[in-house]
């Protein structure tokens, strides 16, 4: 009995850091954000008046200035999610499959090389890609002109090139994380299953779709969900590479929240936008998980 009590105490001890962090850095901010979203809260003067759901009504009422801000930034964010999730998942999976075929020493080297980009700050990544794709003297345009491939492209000041630049920067920056997860999942697949498939004369594509893909399915779902969430939270790349341009076409939801709070001095409205953003993310990821689970059954 004493041993069981000690085990329970140790269990609580090990779980408590997570619980404390969860409460301090997720639950309390969420509750506080919900409360603030019910107020007309001027961040400059500090004055706040309870308005109930008026902030949410403004965000969902066509013609309202805050509705325009919310809808436009939501459209831009959803566009980036659609553009970014497939390459971020598929390219990382392709790299993982190729690296998994390498000898152990080379495999370790390539894993490290590809993962290094993930350790670089978004500020440094954005600065490098802003220089690479700068229309005036940037490396890409200079190289293209030198090779006689045409006139300089307005990468940062025209569409769809602004989104292409942000997408390339994001893929380069984050691809290593997803790749590492896929490699670890592939390593966990039982090698004897592949040996049996080889004896049956199965080819590479057959082994991938019949063995590898089903075995790494759960990890794949996790990667898709985390990638969707990360794409919804796009901020640093657009802020530092295009500054939301051209013509606010790369303004994202988080940039819209920042504008509502710091430019319009409406903390309550910004909190309401953040709450709606969280709900949309929950619906999208929940639907994706449900469809994946349903198809699997």
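Placed from the backbone N, Cα and C atoms, the Cβ positions cover glycine too.
Keep in mind that TrEMBL annotations are predicted by a computer and have not been checked by a curator.
Annotated transmembrane segment per TrEMBL: 12-35 (among others), in sequence order. Below 8 angstroms of C-beta separation, residues 271, 274-275, 278 of the same chain, each at least six residues beyond the ends of the transmembrane segment (12-35), sit close to that stretch.
The domain 'ABC transmembrane type-1' annotation in TrEMBL covers 74-288.
For 77-97 (among others), the entry in TrEMBL reads transmembrane segment.
Residues annotated as transmembrane segment in TrEMBL: 109-133 (among others).
The transmembrane segment annotation in TrEMBL covers 161-183 (among others).
As annotated by TrEMBL, transmembrane segment applies to 216-235 (among others).
Annotation comment: TrEMBL describes 272-291 (among others) as transmembrane segment. Sequence-distant contacts of the transmembrane segment (272-291), counting only residues of its own chain at least 6 positions beyond either end whose CB sits under 8 Å from a CB of the stretch, comprise 30, 33-34, 37, 55-56, 59, 66, 70, 74, 81, 221, 224-225, 228-229, 232, 253-254, 256-257, 260.
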Handout entry: Of 77-97, 109-133, 161-183, whichever stretch has the most CB pairs under 8 A to the transmembrane segment (216-235)
Key = 77-97
Fill in the blank from the handout: Residues outside the transmembrane segment (109-133) whose C-beta sits under 8 Å from one of its C-beta atoms, at least 6 past its ends, are 95, 99, 102, 139-141, 155-156, 161, 165, 168-169, 172-177, 179-180, 183, 236-237, 239-241
Handout entry: Within-chain partners of the transmembrane segment (161-183) [C-beta distance under 8 Å, separation at least 6 from its ends]
Key = 79-80, 83-84, 87-89, 91-93, 95-97, 99-100, 111, 114-118, 120, 122, 125-126, 129, 133, 153-155, 216, 219-220, 222-223, 227, 230-231, 234, 237-238, 241-242, 245-246, 249-250
